[in-house]
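The structure appears below as structure tokens.
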Amino acid sequence: MSRPGCRNSASASRALPLLKPPATRHCAAATILSGAASMSAKVSRRQLAKIAGLSAAGIASPLEGADARPGAAPRGGGGFPAGFLWGTATSSYQVEGAVDEDGRGASIWDKFVRIPGKIEDGSTGDRANDHYHRYKEDIALIKDLGCKAYRFSVAWPRVFPDGDGKPNPKGIDFYSRLVDELLKNGIEPWMTLYHWDLPQSLQDRFGGWRSTETCKIFGDYAGYVAKRLTDRVKNVFTLNESGRFVPFGYGLGIDAPGVTLPQAEVNQIRHNSALAHGLAVQAVRAHGRRGTRVGPAENIDVCVPAIDAPEHVRAAEIALREMNAGYLNVIMTGKYTDAFLKYAGADAPKYTDAELKIIGSPVDFLGLNIYAPQNYVVPSDQGAGFMPLPIPKSFPHMSSDWLRIAPETIYWVPKLAAKIWKTDAIYITENGTSGDDVVTQDGKIYDTDRIMYLRNYLAQLERATAEGVPVRGYFLWSLMDNFEWVFGLSKRFGLYHVNFDTQVRTPKLSASFYRNVIAKNAAGA
């Protein structure tokens, strides 16, 4: 996006009344971190609210015993705008396999999956979908859907086995061939530079994202990839989901590298990831072809108004900014909010003005990964002006219990984000659902639950675009079933079913649904 005036949101935040810190200022973080040992590895990769939002920004405490009854917003109509970009997405470690081939170095996930008990079904990404060898077959599946874009990630240790030093020619060549095959099939490549597979060497030498050395090396890596691929790749995402890999990898120890650190260090690592984003933006500008666009892809801590009324919408707007103050707001504005710094206190990250300038480097678009609400909010006459409500146990959800069914989420989040951060280009970089997919005797997968989810979410996204919200495209997660992190191969998010023994890909009924949506450019398919 073109970002003139986007820092207005930061100055606005300073005018807001600050929430009084709770009696025990670090109670939320302390409760979460102290309970890490007893937490199940079943925590979802997108269950973000507690440590990534509430405990990080610490803006408000939930209202005990409240009866939250959010109303779903009405559906839109009339189709999506002409030129709306339809795509699908995967990530390197989740699909590529070939972890020991052609000079690839080890990532933190290669080591982490071998720790007993960390992965629910004991599987690894060693083979995954064997996409490294089957990418042409998989691109044919994308083309068959009618998608005009594909979001993939580059495996940093495949390109730089040690994270830095001498690049691996066979590594960058794989992505060059992948890009060529996509373009050959009329599919636009959208590239993510980092989707969690940090080179293990950087973790061993520097503590990974604990050190700004890793940030600087990431910038060098970003520049190298940009120089080699942006003659054909015109859109680049920096880091995927800092709001997940930082707290769950370095705070709770649930994800790789499996470290449990105090809240102050988690906040510092989050700051470092924001710095890495800024350095990558600058590297792409410096080394990429002219016209290359770059931006973040973040699993925003979702805040939704409990009621569609002006005071509730305003409360949700404040909440969305403050609950994301530790990462997304600072990269979009170049400043930490006063409320965030006051609450964090001694645990606030240490930084310089020069770092904030790098972090706030202007971006061309905002990528949002949206699945389910972490917070429904109501207005409050105390503190920052909002209060999050507890989610009732009876709230409907998909097969993954964290994936609450709340279609209005994908309407409100981009609408509020566009207002807060003054962006004119938003892409939904992930949205989708796992399902209890069953292969019938005739070899079919009738995933009507996934179709229900997608139909309702896309109707709300269509409503947003009809109101002028600048959502320019949508990447469905995921093209095919894959290695779903701590869940291993047990959670299936794909439009295509994958038999991981035979590597046979079979279209689910949802693939036909999505193909029809794309063909009609409308949710009511």
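Each residue, glycine too, has its Cβ placed from N, Cα and C.
According to TrEMBL, the protein has these features:
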- GLU241: active site, proton donor (ACT_SITE)
- GLU430: active site, nucleophile (ACT_SITE)
- GLN94, HIS195, ASN240, TYR371, TRP477, GLU484, TRP485: substrate binding site (BINDING)
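Using a 10 angstroms CA-CA radius around GLU430 (active site, nucleophile), the binding-site residues that qualify from HIS195, TYR371, TRP477, TRP485 are TYR371, TRP477.
Within 10 Å of the Cβ of TRP485 (substrate binding site) there are 28 other Cβ atoms, across all protein chains. Annotated pair TRP477 (substrate binding site) and GLU241 (active site, proton donor), C-alpha to C-alpha distance, rounded: 14 Å. Spatially close to GLN94 (substrate binding site) yet at least six residues away along the chain are GLY125, ALA128, ASN129, HIS195, SER478, ASN482, PHE483, GLU484, TRP485, judged by Cβ distances under 8 angstroms.
Here the Cα atom of TYR371 (substrate binding site) is found 13 Å from that of GLU241 (active site, proton donor).
In the three-state DSSP scheme, TRP477 (substrate binding site) falls into the strand class. According to DSSP, GLN94 (substrate binding site) sits within a helical segment.
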